[in-house]
Ligand code: BJW
Ligand code: ZN
């Protein structure tokens, strides 16, 4: 494994020759847009809880208003921020490869829409979307207006979730909580993309949460080069061929420049 502070000539040669690139992104790629990562300490109304405590169906069952308001507030925050140079570099790289007959696929653990707003096509949202809603009991989709919170200020108090028009149960966010299955189609598409890639880029994830954290390891089956972008070592750094130690807002534009 090579730990690097910049894109070297060797890495440039590797990237330039790759026509099929698979990118696996996590919360770190949205950090420079102002979206807190999942494992950062929380503030305001939620400071006594870790995000891991709130992202479960048990938490929603026992404290629905608290969990619901956390998600509505996070939606507000995401709507108030913009994609950063990491997102736009991936969109540019994807467009460049597609124009040349290749492809760059993005599978993200993120529930935000910043890749899309940067102009990229996302192959798989492995943990769902924070902007989708469905009934917690019957699964009926629910359309809701944009939340009225200021995403930079904590809401004054928790609000109850709305109820399902079909069965009257509570409406929940369309994300994947701990203990729940990932959407099979998204996981299969991400696996296939990694298996058919010439190079795999893993950006901004701690590599803690399964089964998403095991996706990059599929690249090892064919000896496909793995590149990690993260300012610090992650749980999956040891499996990487190259670790670019820095923020994705700097490293992804450098990789895209090397590629195109
Ligand atoms: C930067 C940066 C910058 C900062 N530039 N980088 C095997 C072993 C042990 C446990 C399990 C296992 N298999 C399954 C489990 C259980 C569980 C799990 O993995 N638990 C772990 C905590 C151990 N997994 C599940 O429950 C999954 N389901 C499942 O396995 O189903 C099968 C099953 C069903 C029933 C019974 C048994 C099995 C579901 C997982 C769902 C995860 N959902 C969440 C919440 C989504 C909704 C929401 O957002 O609220 O997804 S959890 C949370 O973690 C969120 C994230 O997508 C996910 C990953 O986090 P991520 O992206 O890595 O963020 P961070 O914050 O951890 O890291 C950020 C990184 O960025 C850091 O490294 C920074 O350094 C870096 N960074 N600035 C680049 N500028
Ligand atoms: Zn229902």
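Glycine is no exception: its Cβ is also placed from the backbone N, Cα and C atoms.
TrEMBL has this to say about the protein:
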ACT_SITE  127  active site, proton acceptor
BINDING   71, 74  substrate binding site
BINDING   109, 110, 111, 112, 204, 205, 206, 230, 231, 232, 248  NAD(+) binding site
BINDING   135, 138, 164, 167  Zn(2+) binding site
DOMAIN    1-260  domain 'Deacetylase sirtuin-type'
Compute the C-alpha separation of residue 167 (Zn(2+) binding site) from residue 204 (NAD(+) binding site), stating it in Å without decimals.
39
Can you list which of these binding-site residues (71, 135, 138, 167, 248) have a Cβ closer than 6 Å to ligand 1?
248
Between residue 127 (active site, proton acceptor) and residue 109 (NAD(+) binding site), what C-alpha distance do you get in Å?
5
Residues close to Zn(2+) site centre defined by 135, 138, 164, 167, Cβ within 8 Å:
136, 137, 139, 140, 165, 166, 168, 169, 171
The rounded CA-CA distance in Å from residue 231 (NAD(+) binding site) to residue 74 (substrate binding site) is 24
Recorded NAD(+) binding residues, 109, 110, 111, 112, 204, 205, 206, 230, 231, 232, 248 - maximal Cα separation rounded to whole Å:
23
Expressed to the nearest Å, what is the distance separating residue 74 (substrate binding site) and residue 111 (NAD(+) binding site) at their Cα atoms?
10
Please check each of the binding-site residues 109, 111, 135, 138, 164, 204 and report the ones with a CB atom less than 6 Å from an atom of ligand 2, ordered along the sequence.
135, 138, 164
Out of 71, 135, 138, 164, the binding-site residues in the record, which is closest to residue 109 (NAD(+) binding site) when you go by Cα distance?
71
Residue among binding-site residues 109, 206, 248 with least C-beta crowding, 10 angstrom cut-off
206
The one of 204, 231 whose CB sees the fewest other CB atoms within 10 Å, among these binding-site residues
231
Looking at the binding-site residues 111, 135, 138, 164, which one has the fewest other Cβ atoms within 10 Å of its own Cβ?
138
For residue 164 (Zn(2+) binding site), the one of 71, 111, 204, 206 that lies nearest, given that the binding-site residues are compared by Cα:
71
